Amino acid sequence: MHDLTLNPRIVEIRQNVLKKNDLLARELRKRFQNVGVYVVNLVSSPGAGKTTLLTEVLTRLGKRYRTAALVGDLATENDADRLRQSGAKVRQITTGTVCHLEAEMIERTLQDWELETFDFLFIENVGNLVCPASYDLGENQRVVLFSVTEGEDKPVKYPTIVNSADTAIITKIDLAEAVDFQRKRFYEALNEVRPGIRIHEVSARTGEGIDEWISQLEADKSAFIHSSGSL
Amino acid sequence: MHELSIAQSLVELAAEAAENSGIKKVKALFLKLGVLSGVVKEALEFSFDVVVQGTSLEGAKLIIEDVPVTIFCPNCQEERILPEPLPMRCPTCGTKTGQVLAGREMELYALEGGEENA
């Protein structure tokens, strides 16, 4: 593109197309940091088990922390109703036809919330492994979920979202044997796309791996508070 | 498919940038699109043509430059361009790395004004 400057009618702009979203996400992140709430953005295909896992995590985490969740879907309040069973404060975001959550939706939904009354906020994105990748929601951590039934090469099929994630969670691990889940192949696929990504294996049904993930989240939160303090 | 939203943001950003740069009529938009941006080029081109109608940018051309993935290899201590988006591995020594330096961008790089701006 260097030859562009030879044309006098060409003006350099150099701005991110999603600048508005990025700026808003940055503001949100600052707000979250100021009040000390740790924010996790969950992304996966439809049916990977985000809501089931999150209900379980909120229930366990809720015994020691103040928890909240936002959940995005094209339509219905069903997921919010399910998540509420955990006792957490939950609000549904219905996007209509939009296939992902954007920072502006988060800001609007949180407007009348007193964020300082929470320790953890989970954002369950719309079930989609493509579009949510491009939109920063101001989260501290992006978690991508895959269920054992989805096929071991799925991370390679959706490199953008995997590459943008901090943690990968393998759900429905209790079914691994039944579906002949090839653990090694799956780990290899993840590492092709995002070398060094943290991996947890969980089952919301049997409870396997959930406390381990919660311990990790607690550690992440305290590391985050520690780093905020030094700012 | 979120290219329609992306195209909408692109047109808004470009219209604003054109105004700030004193460009009355935009002839072309130059966009850098990383191969890891998650955006399908053809879908974006199609969406752009739809979204641009009836705006101040109507008639402008969208010129997209694909940006390959650049990683930093911790072993070579060098930046390397990957021939393919995957695997995330140094093409020279094979070391895996998660340090992506470029290839995720979606950047309005430049605008070209029409004759009347000259």
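Placement of Cβ uses the backbone N, Cα and C atoms for every residue, glycine included.
As given in TrEMBL:
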type	residues	note
BINDING	B:HIS2	Ni(2+) binding site
BINDING	B:CYS73, B:CYS76, B:CYS90, B:CYS93	Zn(2+) binding site
Cβ-based proximity (under 8 Å) of the binding-site residues B:HIS2, B:CYS73, B:CYS76, B:CYS90, B:CYS93 to chain A, or none: B:HIS2
Nonlocal neighbours by CB distance (under 8 Å) for B:CYS93 (Zn(2+) binding site), same chain, sequence gap 6 or more: B:CYS73, B:ASN75, B:CYS76
Residue among binding-site residues B:CYS73, B:CYS76, B:CYS90 with least C-beta crowding, 10 angstrom cut-off: B:CYS76
Distance [Cα-Cα, Å, rounded] between B:CYS90 (Zn(2+) binding site) and B:HIS2 (Ni(2+) binding site): 31
Extra residues within 8 Å (Cβ to Cβ centroid of B:CYS73, B:CYS76, B:CYS90, B:CYS93), Zn(2+): B:PRO74, B:ASN75, B:GLU78, B:ARG80, B:PRO91, B:THR92, B:GLY94, B:THR95, B:THR97
Neighbour count (Cβ, 10 Å) for the residue listed as 'Ni(2+) binding site': 23
